[in-house]
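Copied from TrEMBL, the annotated features are:
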type	residues	note
TRANSMEM	B:59-91	transmembrane segment
TRANSMEM	B:131-151	transmembrane segment
TRANSMEM	B:163-185	transmembrane segment
TRANSMEM	B:265-287	transmembrane segment
TRANSMEM	B:299-318	transmembrane segment
TRANSMEM	B:330-352	transmembrane segment
TRANSMEM	B:373-400	transmembrane segment
TRANSMEM	B:412-432	transmembrane segment
SITE	B:Ala471	site 'Determinant of potassium dependence'
TRANSMEM	B:476-494	transmembrane segment
TRANSMEM	B:514-533	transmembrane segment
TRANSMEM	B:586-604	transmembrane segment
TRANSMEM	B:610-629	transmembrane segment
Protein chains: 2
Amino acid sequence: MNFILLVLLCSVLGLFFSVYQGRSIMKEDEGDEKVRSIAIKIRKGANAYLKRQYKGVTIFFVIMFVIFLIMSIFGYVSIFVPFSFVIGGFLSGLSGFIGMKVATQANSRTTTAAKKSLNGALKISFKSGSVIGIVVVSLGLLYIALGFLFLDWYYRDLSEAERILQVTTNILTFGIGASSMALFARVGGGIFTKAADVGADLVGKVEVGIPEDDPRNPAVIADNVGDNVGDVAGMGADLYESYVGSLISSSALAVAAGLSTKGAVVPLLVAALGVVASIFSTFFVKAKEDSSQKNLLKALRRGVYISSVIVAVGSYFIVREILGSENIGVYFSILSGLFAGILIGFFTEYYTSDSYKPTRNLASMSETGPATIIIGGLSLGMASTAIPVVIVAVSVLISFNLSGGANDFNLGLYGIAISAVGMLSTLGITLATDAYGPIADNAGGIAEMSEQDPEVRRRTDALDSLGNTTAATGKGFAIGSAALTALAFIAAYKDSIENIVKSGTSNFEFNLSILNPQVLIGLFIGGMVTFLFSSKTMDAVGRAASKIVVEVRRQFKEIPGLMEGKGEPDYESCIDICTKSAQRELITIAIISVATPVIVGLILGPNGVAGLLAGATVTGFAMAIMMSNSGGAWDNAKKYIESGVLGGKGSECHKAAVVGDTVGDPFKDTTGPSINILIKLMSMVSIVFGALILALGVL
Amino acid sequence: MNFILLVLLCSVLGLFFSVYQGRSIMKEDEGDEKVRSIAIKIRKGANAYLKRQYKGVTIFFVIMFVIFLIMSIFGYVSIFVPFSFVIGGFLSGLSGFIGMKVATQANSRTTTAAKKSLNGALKISFKSGSVIGIVVVSLGLLYIALGFLFLDWYYRDLSEAERILQVTTNILTFGIGASSMALFARVGGGIFTKAADVGADLVGKVEVGIPEDDPRNPAVIADNVGDNVGDVAGMGADLYESYVGSLISSSALAVAAGLSTKGAVVPLLVAALGVVASIFSTFFVKAKEDSSQKNLLKALRRGVYISSVIVAVGSYFIVREILGSENIGVYFSILSGLFAGILIGFFTEYYTSDSYKPTRNLASMSETGPATIIIGGLSLGMASTAIPVVIVAVSVLISFNLSGGANDFNLGLYGIAISAVGMLSTLGITLATDAYGPIADNAGGIAEMSEQDPEVRRRTDALDSLGNTTAATGKGFAIGSAALTALAFIAAYKDSIENIVKSGTSNFEFNLSILNPQVLIGLFIGGMVTFLFSSKTMDAVGRAASKIVVEVRRQFKEIPGLMEGKGEPDYESCIDICTKSAQRELITIAIISVATPVIVGLILGPNGVAGLLAGATVTGFAMAIMMSNSGGAWDNAKKYIESGVLGGKGSECHKAAVVGDTVGDPFKDTTGPSINILIKLMSMVSIVFGALILALGVL
């Protein structure tokens, strides 16, 4: 338990660090009247959106809470489930909320700092990113540590093995709340941001021919709000869930692996080490004035590398100290995950950055029109799945075998789970480099709208385009770790069903052979659900965007003098439309995600559910990478053309590239990064509804 | 053995019918000088392409033959493998070749018949389609029947159970030859046809503004050649392999299911019945003069429905007679497959025909430009995967359980395999309605190029647009049956490895649990290979098309008077470029398909291979449906706009829809229909290299 107190300490340290950094950001100059008034509008819009989202979420949470309460009364779930469901949702939402709050204060301050220097702007935006990153991981550790302490006390009369089992499985169910919240935040935010973006571009850039972020465009504030609610709040909620999910699933698997409390504590300690390492390494991120793009990227990378090295060295001692040198293989599992994450990040950059061949080739495909650049982008995205899959495959093989899977199957599964912990251990700093992107993006928007000197915009643009690359890397990271965590979840699912069977009247036995028709059908449905989910989320963006198009057109027609810059556009109405549509579209998507595993379970039994989860993971992993990378490459191909090649801005090539970028918008910012939430939410639903399915299912 | 003679008889009957029908087509009037000269050009181009393709194929086959010969000398495969490899490849190629020959004679005759009446044109084009359909199935049955007779004699000294095992496993290995040939024909043809189509359109329609099929376009003959080598020869080779593969894999599974020779014979008899039923039902396909689109479709459907009813009734007696009433469940497996095929066809039509909401909605998305219609089409295709997956899932459940899978697992697998036979039993007539499409398409092209009366073109257009719908239905069918057959292949793979283990020194044991890392990684790689394959095939089309663009541009610039219709374009050079690029691009694709299962097998062992096949089937099924349906819907959305809605031809909406259609071209005619070949080729490679992998593999 002393170790848990240490974890608690690190999380509190992280929170103090965040508060301190947050305060220092608030002390920065926010800028002139104009900047402040725009920033306030964005802040208000983001608040309005989140308020409405939380309203929708509350209804969903109340319904589910009642369902879980009834289930717990009938003994299908433990009494803690309804509460940890709510707590998980709350904390996941809180992570996103804090991120949004920080980001909407930092954007204007970044703009103002960019008036003076590039380095100053980088400092503020990165500092804000690091607050967001550290808050997410600290809140995650805080929840786990407190949960551990409380449940360990509550179950004090059980044997150690029994106690740790109860502790981990009960904490794990937090995940259903956290992933539900993540779904609402990430998908809802994703729909919001891309509907605003696509809608603003379609009318603004294409129809009336005004530049991006022009204050005359009624959807422009909604577009900037979207960055905050989608890319910051959504991502925060999402990664909070990923982080805690990976930690606690590997703790849960430690029990079956016979490593008991010690094995359960290792992932937490590695994560705590990661928090400290992340905080430490933020101090190394600084750039010289007027650094090149390359040097800026190097500055950001430095932070990630330093913290990786710290974790790589430190976790060796953690594993040897706690699990003993006979289990030193577990250390190599952690290492393989850490390394795999860095590699995936690197190859994501290779496929999506215009410094490399793939995106440059893609740009040149615009010469034969939009059709060929679309085909090329899809093809690029599909090809880019190969290396990450191989990296994950090798990492699974290594972590399974080196942790001792050949002799003890459960030990191998623990190894796979803890490799995901290795990958996510440096999340604090990775997330910092990722979250800084939308802040820089917003800063650029504010600079444009408040009509700053072009030099200011040039500086924020440099930061923004860097943000595109770090965002792509961050997504690759999130998806890679999700794949590993999803595997851990399937194993955890099996454990949890077997524990129910052991203590109950069911005589169910797993037959997870891929030739078992239940598993097979589950696999098929899992693959299909990924496609269906992708379809629905893309549709939602399309529908919401077309509403924005209609509204923006209306305003240009009805508000006198708008085009000449004399009339004042009605920004709120666009924000309102985005907000409403995002929430409305979420209903079907949430139902698909929650109902599928329950229905499959009732008809095909737990074997079918395991197949479902595996099928969704396998197809979803490839699909998510494809979508993120296609989208990233289209965006950067467009930026590459804008930099002056192939005729530059306004050329036929550029127009074709804009079509590609628009297709890529929902790919990379709505659908792609949401798929991992689908997979994990389905896993959590499966685990929580396990007993019910066993009792009521056909098989 | 009497039953086998009966099967032989039916196949010979089918061949006679084809020859008779083929002769009657040749007797029809080919038309005027102009029509004939164009037809000759198309014929020459198609011959030139096939000649070159066979050259490439020959090299590949010689290399593989030598490899198999060496493997058989070392005892890794039976001595029959190298030969049945060659025979399988030959027959698959022959099916495609005959189809192409028939189609290139029928096209001009259809044009000429269309001068007189719609019904006459339908009669000729459908008759040709039916020749192609019946030839494919008859050649399939012929090969199986002769193989059975020969091997049964060869192994006459073995016990019945041993003998039938040897017979079926040896015949099964034909499939590696057939699927290799299918890969070359379908993918090569697909690249050819779409490169020509896209290239012709990009310069012709978009740049110089001449209509489709305009004789001034240098790529126009290549485009028409493409229909024959891709949609006819490629499809013929592909479906020959699917058909025989499904028959013989269920025969092979009969052995493990304890049904012995009787169980092995049932699928063949059902297929033989299907051939007779298909021949019989072709006589019911006729339309009244100037029928509406709907009535034409009805006429074609009538044939499919009549033969389905015959098979549904007849196979009841076959099962009861041969397997006895205790195994009558097998009949319901056949029925479920037959019914599933019809349902998949129906829903494919729902998603891709402009008579229904999805395609009409898609057309209206063109109002906000190309980006939204692209997003909409991708989303439509993804959503359209849901119902076919559920249909296949239900069909698998029914056929597994009703055939007795709950008591005897192997019996259930046999049930799944034979449900694929049920689905493909009416292939003769389904293929007839499918193959008629490209003939009508060509007839339209010839009408345009030979400057016939607009009424002629109107008639061929009516037939052509009908062909779009039947082609989509046919693809749905091919993919659905491929999924079921692929499952049978995985089971057959397991059986074959276990037989090797039984008779050899290896002590390998299967652990096909999805939690086994080998299986899991196999699943991931299987999913990824589908994405990679799709990427490579789309890329190949893009690269080949851009070469055509350059060449067509060159000709318009360098040949004096071409645009005014005075100069003669150099059609051959375009055909030559398409031919060469298609073959060159095939090399990587063939290597991916053949090498992946071998490499996975060597590193991950047979468990990994089974996972690979399952992962590829699950992801590939969804991907293939998505691609075919997205492509079909874009094509028909464009046609729908051309019919006069949303501004009609030449409007901004139409331009956006053309972009969608161009993206859809490689989707629906190259990549989508090739994925099932990838899956089956990988299965066959796995089976044939099984012993080698067991001997040399790491695990």
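Note that the numbers count up from 1, one per residue, in the order the chain is shown.
Just so you know, glycine gets a Cβ as well, placed from its N, Cα and C.
From a predicted model like this one, the values you see are computed outputs, not experimental measurements.
Within the same chain, residues 1, 4-5, 7-8, 10-15, 17-18, 21-22, 25, 80, 84, 87-88, 91, 94-95, 98-99, 102-103, 166-167, 170-171, 174, 232, 236, 239-240, 243-244, 247-248, 268, 271-272, 274-275, 278-279, 282, 427-432, 434-435 sit at least 6 positions outside the transmembrane segment (B:131-151) and bring their C-beta atoms closer than 8 Å to a C-beta of that stretch. There are 27 other Cβ atoms within 10 Å of the Cβ belonging to B:Ala471 (site 'Determinant of potassium dependence'). The transmembrane segment (B:476-494) makes contact with the transmembrane segment (B:412-432): 3 or more of their CB pairs lie within 8 A, with pairs spaced 6 or more apart in sequence. Using a cut-off of 8 Å between Cβ atoms, the transmembrane segment (B:330-352) and the transmembrane segment (B:163-185) share fewer than three residue pairs, counting only pairs 6 or more apart in sequence. Of the candidate ranges B:163-185, B:265-287, B:299-318, B:586-604, B:610-629, B:610-629 has the most C-beta pairs within less than 8 angstroms of the transmembrane segment (B:373-400). Most Cβ pairs within less than 8 Å of the transmembrane segment (B:265-287), among stretches B:163-185, B:412-432, B:514-533, B:586-604, belong to B:412-432. By number of Cβ pairs under 8 Å, the transmembrane segment (B:514-533) is matched best by B:610-629 from the list B:163-185, B:412-432, B:586-604, B:610-629. According to DSSP, B:Ala471 (site 'Determinant of potassium dependence') is assigned to a helical segment.
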